[in-house]
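Trainee: Pasting a structure here, questions to come.
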Amino acid sequence: MSTLGLPPAVFLMGPTASGKTALAVSLRSRFPFEIISVDSALVYRGMDVGTAKPDAATLARAPHHLLDIREPNETYSAAAFCDDARARMAAITARGRVPLLVGGTMLYFRALLQGLDDLPRADAALRKRLEQDAAERGWPALHAELAALDPATAARLAPNDSQRIGRALEIVELTGRPMSAQLAQTPRALPYDVLQLALVPSDRAALHRRIGERFDAMLEAGLVDEVEMLRRNHVLDSTMPAMRAVGYRQAWAYLDGDIDLEALREQGVAATRQLAKRQLTWLRSWPGAVTLDCLADDLESRAAALVAAHLGA
C-alpha cells in the first residue's frame, strides 16, 4: 500500500513508435508487474501486423491483458475498456502484483482515471442520422460542426475520424453539453495510487524517422495481406472502427484500387505522424505525468528508478 492507503499502479503512456512495449517488457522483468494494454486497435483479433502487436515470443515472456478480445467487425468503447481494465486491475492486485497499463489510446487512460459515468449510451437512431449526414456532406464538415460545439474535443480529432466525431456530436445532442466538459468531471476516481509516466521525444524528427521505418517494416511484414485476409474472413466495411485504424484504412483503399502502393505508404506514414501529434498534444497537458525522453539512452534506468521509488522497492 502507498502512503495514500491505496494499492499502486503505473501508467506508461506515449505516442506511437515511442518504445512503450519494449520499456514495459523491461520493467516487467524487474518488478512484480502484469501488463494491461491500453490500445483501441490491439483489442482486435487478427490485427497483428498493422498494430505492431507484440509477437508470440514477447507475449510468452510478458503476457498482456486486453489483447485479442474482440472480432474486427465488433465495436469496443471507452466504457467497455474501463470495465475490463478495472476488473483486471482488481484481479492483479488480489494476486499481490501491480498493474502496469501501457498504450497510446489517451481517451482510455483519461476515462479510467476520471470515469465516464455521466456519458449517455450510444443512440442507434441518432448515429444513423449522423452517418447519413456524413455520407452527404463528408466527415470533415461534421468535424467543423463539432469544432463550433466542442472545440476542445474537435482539436484532438482528425477530420475523418468518423467514430469519435460521431460520438462527440451524439453526446452534445443527447445531453446539451460538450463531451470535453463532461470528461472534466470526476464521477468515479480510480482507487489506485498511480504513477503516470509519459514518453515524449526530445526530437520530433527522430520520432518521425522511427514512424517511417516502422511503417515500412509493416508493409514488408505483410500489412496488405493481413487486411486482405480480414476482408475475406469477416463481414467488414471501411467505416468500421477496426478498419479506420491507421494503416488499415490506407491498405483498404489500396485493395479497393483507390490508391497505389506508393500512396499507401505516403498516406500511412502521414496518418501515423498525425496520430503521434494528437497523442503528444494530450500528453503535454496531462496533469500529474512524469515526462521521460523516449529517445534518451538512459530511459530504462530512469523509468526503473521512478517505479522503484513508487513501489518502495
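Cβ coordinates come from backbone N, Cα and C, glycine included.
From Swiss-Prot, for reference:
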| type | residues | note |
| --- | --- | --- |
| BINDING | GLY14, PRO15, THR16, ALA17, SER18, GLY19, LYS20, THR21 | ATP binding site |
| BINDING | THR16, ALA17, SER18, GLY19, LYS20, THR21 | substrate binding site |
| REGION | 39-42 | region 'Interaction with substrate tRNA' |
| SITE | THR105 | site 'Interaction with substrate tRNA' |
| SITE | ARG127 | site 'Interaction with substrate tRNA' |
| REGION | 163-167 | region 'Interaction with substrate tRNA' |
Trainee: Count the other Cβ atoms sitting within 10 Å of the Cβ of GLY14 (ATP binding site), across every protein chain shown.
Mentor: 26
Trainee: Would you mind checking how many other C-beta atoms are within 10 angstroms of the C-beta on PRO15 (ATP binding site)?
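Mentor: Neighbour count, Cβ to Cβ under the 10 Å cut-off: 28.
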Trainee: Around the substrate site formed by THR16, ALA17, SER18, GLY19, LYS20, THR21, which additional residues qualify by having Cβ within 8 Å of the site's Cβ center?
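Mentor: For the substrate site, the extra neighbours are GLY14, PRO15, ALA22, ALA52, GLY104, LEU199, CYS294.
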Trainee: Using a Cβ-Cβ cut-off under 8 angstroms and a sequence gap of six or more, which residues of the chain neighbour THR21 (ATP binding site)?
Mentor: ALA52, PRO54, THR58, VAL102
Trainee: Long-range neighbours only, meaning 6 or more apart in sequence with Cβ under 8 Å: which ones does GLY19 (ATP binding site) have?
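Mentor: Listed in sequence order, they are LEU199, CYS294, LEU299.
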Trainee: Indicate the candidate from LYS20, ARG127 with the smallest number of other Cβ atoms within 10 Å of its Cβ, considering only these recorded positions.
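Mentor: Per-residue Cβ counts within 10 Å for the recorded positions LYS20, ARG127 bottom out at ARG127.
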Trainee: At the level of the C-alpha atoms, what whole-angstrom distance separates LYS20 (ATP binding site) and THR105 (site 'Interaction with substrate tRNA')?
Mentor: 12
Trainee: Other Cβ atoms within 10 Å is the metric here; tell me which of the recorded positions THR16, SER18, THR105 scores highest.
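Mentor: Buried the deepest by this measure is SER18.
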Trainee: Looking at Cβ-Cβ distances, which residues of the chain lie under 8 angstroms from ALA17 (ATP binding site) while being 6 or more apart from it?
Mentor: LEU207, ARG210, ILE211, ARG214, THR272, ALA276
Trainee: Using the centroid of the Cβ atoms of GLY14, PRO15, THR16, ALA17, SER18, GLY19, LYS20, THR21 as reference, list every other same-chain residue with Cβ within 8 Å of it (recorded ATP site), in sequence order.
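Mentor: Neighbours within 8 Å of the Cβ centroid, excluding GLY14, PRO15, THR16, ALA17, SER18, GLY19, LYS20, THR21: GLY104, LEU199, CYS294.
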Trainee: On average, what pLDDT score does this prediction assign to the region 'Interaction with substrate tRNA' (39-42)?
Mentor: 98
Trainee: Compute the C-alpha separation of PRO15 (ATP binding site) from THR105 (site 'Interaction with substrate tRNA'), stating it in Å without decimals.
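Mentor: Pair distance, Cα basis, whole Å: 9 Å.
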Trainee: DSSP secondary structure for SER18 (ATP binding site), reduced to helix/strand/coil, please.
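Mentor: DSSP call for SER18 (ATP binding site): coil, neither helix nor strand.
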Trainee: Per DSSP, what is the residue count of the region 'Interaction with substrate tRNA' (163-167) in each of helix, strand and coil?
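Mentor: Helix, strand and coil residues of the region 'Interaction with substrate tRNA' (163-167) number 5 helix, 0 strand, 0 coil.
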Trainee: I want to verify one value. Collapsing DSSP to three states, which class is ARG127 (site 'Interaction with substrate tRNA')?
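Mentor: For ARG127 (site 'Interaction with substrate tRNA') - judged by DSSP and reduced to three states - the answer is helix.
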